[in-house]
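Below is one structure; the comments refer to it alone.
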Amino acid sequence: MRLRWVRGRAAEGDGPDDPDRTREWVGCDDAGEAIARVVRVSGPVRAGWRLRYAVARDAEARVVELRPPVDRNRRWLIVIGGRVVGRAALPLQAVRGAEAALGGG
Amino acid sequence: MARTPLDRIRNIGITAHIDAGKTTTTERILYYTGRSHRIGEVHDGTTTTDYMEQERERGITITSAAVTAEWKGHRINIIDTPGHIDFNIEVNRSLRVLDGAVFIIEGVAGVQPQSETNWRLADRYNVPRIIFINKLDRTGADFYRAAETLKEKLGITWVALQLPIGIEDSFKGVVDLVGMKALIWEGDELGAKFHEAPIPDDLKDRAAEYRQLLLDTALSVDDAAMEEYFDKGDVSVETLKRCIKKGTISGAFRPVLCGTAFKNKGVQPLLDAVIDYLPSPVDIPGIKVAAAEGEEEEAERRVIKADEKAPFAGLAFKIINDKYGNLTFVRVYAGVARTGDMVLNTTKGHRERIGRMFQMHADKREEIKEVYAGDIVAFVGLKDTGTGDTLADPADPVVLERMAFPVPVIDISVEPKTKDAIEKMTIGLQKLAGEDPSLRLRTDPETGQTILSGMGELHLEIVIDRLKREYGVEANVGAPQVAYRETITRPHTEVYTHKKQTGGSGQYAEVKIVFEPLERNQGIVFENQVVGGAVPKEYIPAVEKGIRAQADTGVLAGFPTVDFKATLVDGKYHDVDSSALAFEIAAKACFREGMKKAGPVILEPIMDVEVTTPADHVGDVVGDLNRRRGVIQSQDMAGTSVIVRAHVPLKEMFGYISNLRGMTKGRASFSMQFHHYDPVPRQIADEIMAKSA
């Protein structure tokens with residue numbers, strides 16, 4: 001299923017070594033409805049009083065801890081319907097993964 | 001010199017393992033950019049950058065020659081650097097002042113030890129780099145296997161911009177994955193032309209696969225490019241190039257190109273990649289000023305950006321003494337300087353007048369009257385400026401970050417063949433040591449001999465050869481000795497009273513010093529914690545002087561003692577009989593007594609050795625390394641060869657090459673570089689001590 005991908009949420013990191021901590025692309029259908037998202041959140045992230053090293057954001061942008069921790073080489077999460085259905089090394093690979101998971105190319 | 005806009009300047013280094021083809025590649029670049037009208041060959045001894053006699057004779061690069069070339073309206077300042085580990089200092093100081101680097105990887109062996117070392121150095125200075133997999137015409141060459149060693153050994157994300165068409169004898173060109181076309185060379189000869197062609201059918205699937213990987217990797221650094229891709233299903237060549245440049249500069253990934261410089265294939269696209277993907281001086285963040293005394297290394301510091309309108313700031317990164325006098329190579333980071341200008345050496349705190357300025361083309365030079373931010377030039381007439389010194393506008397006296405230099409591991413004693421040449425030899429060696437910060441000169445306090453310390457046998461051999469050729473001094477040289485060090489293993493507090501009060505003016509000083517071991521490479525740290533004036537302030541420097549002087553002669557076998565901290569915590573003085581000399585003597589004696597009780601050990605340099613041997617000799621090679629107290633780190637297959645990696649004490653490696661040749665009928669090769677210092681085993685320590693006694 002081909003989606004129309006638009007920029008999602010983004011959070012800047014702490015400095016030049018960590019320029020874009022959170023990046024997200026949202027896949028919409030023809031009606032503009034968000035169907036899937038691919039997201040990268042690099043840890044550590046401070047959530048309340050806790051420092052979490054392997055995290056993602058759920059549909060309401062709350063930080064959730066992932067178990068097992070994210071594989072550093074597959075940091076992009078493919079999220080469909082609020083569930084992580086796969087991981088990829090790069091955003092375009094994650095996008096293709098999301099479209100494949102939704103069926104068809 | 002025609003003025004080149006800053007964004008059209010590239011200051012690059014070319015670096016790699018020995019014999020990977022750096023100098024050959026540089027020669028091709030000079031030919032194709034029109035700077036050289038014929039091609040020099042390393043094996044003929046006619047290259048442009050290897051201009052020293054020894055370089056031409058030995059077919060290796062010793063000093064970094066600065067060469068300027070023009071390509072498609074851009075000025076490329078190239079520093080060709082040595083591959084042999086003994087001349088690592090040259091790579092170090094080049095990388096420090098360059099904005100980008102081309103790493104040449106051999107197409108047969110892949111990443112080799114010196115490539116790894118240079119890569120880590122480039123990491124230290126955040127140098128953006130592109131990779132050129134060379135020698136694809138050689139038997140056993142394999143682009144994909146060589147590229148995989150980038151991930152295995154360097155742990156990097158690499159992305160192919162080209163794929164080879166054919167391999168070994170049949171290598172004839174590359175697939176350009178940015179433009180999705182083939183580039184086919186029309187011959188192997190000098191100046192061979194190439195033409196564009198459709199991608200060969202048998203490579204179409206592979207090209208599509210690698211092109212997708214290129215898009216996946218490159219576009220991930222630029223959201224606007226991602227949007228263009230989502231809209232159109234592809235991106236323009238300009239967008240793709242912009243992303244590759246962005247990722248190259250940030251280090252998100254490393255682009256890989258390929259070819260064979262020797263057979264004249266792949267050099268022109270490499271030059272295109274240099275101007276397309278490596279940064280100009282304005283594309284990089286700039287250079288930080290040095291941390292002030294007592295300031296944390298990590299603290300935020302001022303950054304000097306490439307700007308011609310800013311006050312002048314430059315870094316001296318290389319000194320050469322030749323027949324014309326002292327040449328000081330300077331990277332200009334900001335501002336403008338003109339012949340006759342007065343600048344401040346902010347590292348040493350004195351003024352220097354710039355006599356003349358030259359743009360260097362290996363051993364040839366072109367006089368210029370002005371230099372601008374971004375330039376790499378040579379100044380003549382500076383009296384006392386050394387490698388790593390900052391030259392700045394007196395109105396804005398910044399000090400730029402200094403360079404770090406490696407520790408010499410081999411010593412030789414040197415004496416002139418005739419007595420009347422002593423002065424000439426001393427002057428010559430001092431000048432050579434002034435050019436080369438990895439060369440140290442000292443006098444053995446016990447024997448009075450001149451001791452030269454360097455990075456390896458070849459390094460010192462070249463120095464002695466230069467002494468003869470350039471200064472006319474023939475020298476007798478002792479056998480190379482391992483540069484042992486001493487250190488301590490546990491803390492100890494020692495009190496020593498120096499007392500000579502037997503009539504007349506006497507001597508009195510008492511010191512209480514805590515000696516503690518430090519981590520490796522921390523040197524000697526002295527701290528004063530005396531309170532209440534138990535030792536008057538004016539005597540504290542004498543205590544430090546005494547400790548540092550005595551540390552040159554360790555308590556076990558007379559080797560320099562390193563990596564310890566001495567804290568002066570208490571002491572006593574006498575109103576009449578105390579003096580700086582008395583405290584210096586007390587500190588020296590306290591050191592001698594204290595060190596003996598602080599668990600002294602002798603340290604020896606341990607080398608990272610890599611032997612490439614045919615598989616049928618691997619047993620002999622490993623057995624021999626074990627006999628040399630080596631610890632095998634890994635054994636990996638590379639085609640029909642095995643690469644054995646081991647940590648071996650330097651002492652056991654003298655003359656190794658002839659043994660290895662004998663064992664393997666000349667089919668194996670090896671390289672080694674300093675890895676760390678380790679305590680020597682007890683039995684060996686006893687032998688060393690007995691010898692020194």
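All residue numbers here begin at 1 and follow the chain in the order shown.
Backbone N, Cα and C atoms are what each Cβ position is placed from, and that goes for glycine too.
Quick look at what TrEMBL lists:
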| type | residues | note |
| --- | --- | --- |
| DOMAIN | B:7-282 | domain 'Tr-type G' |
| BINDING | B:16-23, B:80-84, B:134-137 | GTP binding site |
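Mean pLDDT across the domain 'Tr-type G' (B:7-282) comes to 84 in this model. Most Cβ neighbours within 10 Å, among the binding-site residues B:Ala16, B:Leu136: B:Ala16 holds that distinction in the structure as shown. In the structure as shown, the Cβ atom of B:Asp19 (GTP binding site) sits within 10 Å of 20 other Cβ atoms. In the three-state DSSP assignment, the secondary structure recorded for B:Ala16 (GTP binding site) is strand. For B:Lys22 (GTP binding site), the count of additional Cβ atoms within 10 Å of its Cβ stands at 27 [all protein chains shown].
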